[in-house]
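One structure is given here, and the rest of the page talks about it.
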Amino acid sequence: MFYHLIAPLKNKTPPLTYFSKERHLKGALVNIPLRNKTLLGVVLEEVSKPSFECLELEKTPYFLLPFQIELAIFIAQYYSANLSSVLSLFAPFKECDLVGLEKIEPTLNALSQTQTNALKELQKHPASLLFGDTGSGKTEIYMHAIAQTLEQKKSALLLVPEIALTPQMQQRLKKVFKENLGLWHSKLSQNQKKQFLEKLYSQEIKLVVGTRSALFLPLKELGLIIVDEEHDFSYKSQQSPMYNARDLCLYLSHKFPIQVILGSATPSLSSYQRFKDKALVRLKGRYTPTQKNIIFEKTERFITPKLLEALKQVIDKNEQAIIFVPTRANFKTLLCPNCYKSVQCPFCSVNMSLHLKTNKLMCHYCHFSSPIPKICNACQSEVLVGKRIGTMQVLKELESLLEGAKIAILDKDHTSTPKKLHNILNDFNAQKTNILIGTQMISKGHDYAKVSLAVVLGIDNIIKSNSYRALEEGVSLLYQIAGRSARQISGQVFIQSTETDLLENFLEDYEDFLQYELQERCELYPPFSRLCLLEFKHKNEEKAQQLSLEASQTLSLCLEKGVTLSNFKAPIEKIASSYRYLILLRSKNPLSLIKSVHAFLKTAPNIPCSVNMDPVDIF
């Protein structure tokens, strides 16, 4: 008999010991009896015979690959997450007959000398940062790196931050890698996922393009991971376990012979700081040089005469425009001009957004909706006005000003299914649409030859927010959106902001901004300090506060040297009827943070809290 430690899946029970007639089962998925049920579990390791009687496990044909087991254990430890819950993220492998596909010889565009030099430099390092201006040809470098990996009979993974990036990226890669390419994201149906995995098992799929969950796929002989748009916050999960896929890739490059390339035109400050002195490859300028004119307007009006004239010229020349708006819906909030009270969600301490299409107010946190009120609840005034314009309101105003213009919206409300997303992007690519209005989705890597005008509205709402990353997020967005214009033809960028003096300093070279921000960023925040955020919530505000106070007292006894603690009410104090209090831990040493949190969780297991290591924001 052989004894094995098993982590039950989708169950918070700690690992348990079972016996088997087989050994060397590490990573195997097995059926185990537990409390009159049969559960699926993962074998973690072989152990000595225990002093108590054990039940027998039943082996299945599925198993996790060694890198998956290693990664799962790291996630559980680093992010203070339940190991069984973490293991449930991973898709297992199954041995099967290999598909005898005809060998694909990729037909690639020749790289320029600059691109060739960049690729050679990237391949000198297990992990590196490709800092390439928009339009500089990063994707061509990616494809050559992937082709070389497949030639070595290894598999490759290309991570993209959002599903909105994948259709266009897929088309470019499909022409080159044909049947070796597979697409993975959360909107796939269960049947589509099953078909995908069967092709992965047979190694028909050797290159996966996917969002962050693709990192948990069983890619055999994984040799290369590319993280495109590495700066994007979408790589950070906001649900437990709150992992950052980009950072996990860097961990894999450290533990396994897997090359990792991070790519961005606007790299995150943390990545720039990490790589700037050792493995940063700078790719300046455009692959196809074009002229771009940047125009600032100091105004709080949205559709100004100057902007309207520019849009008319775009339509007259049969070209295209994109317009960035940070808010979906018609307006971010409904305000009473008499008493200055806004309409708030009854379950969250946030304003409700105005959606005229459905004639409702909606909370974008808990999704509560209600009819649009006719009077102010606070002072009974019959006048309510919308504030902070959204995508739908921009569409409404432009349709009245640009008769006959074909305008579409790219935001969460309009891309609820993959088909809707594809239709919007394909119509714009086929020039069936003149103007595309969108939220941050519009900034993410789209490449359209006929876009000659990029418009940035409402950027002040981002750069003036309370986040310590506010300026970084705002300037990065400016660069990304400006990069959608004049990729193959000359064009213009309209930026409406009252902070033109500040922003004008950084529009020549994003590296100028990174160096400025490194000097300005307080020592209390990343990349100079590491953060861990603990959240305590309860339907009763006093109990939520009491939980955080009890936790603070316990934590103060558990803190490692160099770790500081602050306790405060969350900036958004209520979400979905639960009041929220936060504890923020800081340290220059991440290991000290992890040890402090582990000690607290062990000392106070009955104090419920969520742990967010390396939070991208504090809200």
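The first residue you see is number 1, and the count goes up from there.
Here the Cβ of each residue, glycine as well, is placed from N, Cα and C on the backbone.
Look at LYS138 (ATP binding site): DSSP puts it in a helix. Per Swiss-Prot, the feature ATP binding site maps to GLY132, ASP133, THR134, GLY135, SER136, GLY137, LYS138, THR139.
The Cβ of CYS379 (Zn(2+) 1 binding site) lies under 8 Å from the Cβ of CYS336, ASN338, CYS339, LYS341, each of these being in the same chain and 6 or more residues away along the sequence. Positions annotated as Zn(2+) 1 binding site by Swiss-Prot: CYS336, CYS339, CYS376, CYS379.
DSSP gives CYS366 (Zn(2+) 2 binding site) a coil state; it is part of no helix or strand. Residues or ranges marked as Zn(2+) 2 binding site by Swiss-Prot on the basis of sequence analysis: CYS345, CYS348, CYS363, CYS366.
The domain 'Helicase ATP-binding' feature in Swiss-Prot is assigned to 119-285.
The annotation domain 'Helicase C-terminal' is assigned in Swiss-Prot to 371-532 on the grounds of sequence analysis.
Positions annotated as motif 'DEAH box' by Swiss-Prot: 228-231. Long-range Cβ contacts of the motif 'DEAH box' (228-231) within its own chain (Cβ-Cβ under 8 Å, at least 6 residues beyond either end) map to 129, 138, 142, 158-161, 165, 169, 246, 262-264, 266-268, 271, 444-445, 476.
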Next on the checklist: As a quick check of your reading of DSSP, tell me how many residues in the motif 'DEAH box' (228-231) are helical, how many are strand and how many are coil.
Outcome noted: 0 helix, 1 strand, 3 coil
Checklist entry - Under 8 Å Cβ-Cβ from CYS366 (Zn(2+) 2 binding site), six or more apart in the same chain: what's there? => result CYS345, PHE347, CYS348, ILE575, ALA576, SER577
Item to check | C-beta crowding around CYS345 (Zn(2+) 2 binding site), within 10 angstroms | outcome: 24
Checklist entry - Which of GLY132, GLY135, GLY137 (the binding-site residues) has the most other Cβ atoms within 10 Å? => result GLY132
Item to check | Between GLY135 (ATP binding site) and CYS363 (Zn(2+) 2 binding site), the C-alpha gap once rounded to whole angstrom | outcome: 37
Checklist outcome for this item: Excluding CYS345, CYS348, CYS363, CYS366 themselves, the Zn(2+) 2 site's Cβ centre has within 8 Å the residues PRO346, PHE347, VAL350, MET352, HIS364, TYR365, HIS367, PHE368, ILE575, ALA576
Checklist outcome for this item: Rounded to a whole number of Å, the separation of the Cα atoms of GLY137 (ATP binding site) and CYS376 (Zn(2+) 1 binding site) comes to 54
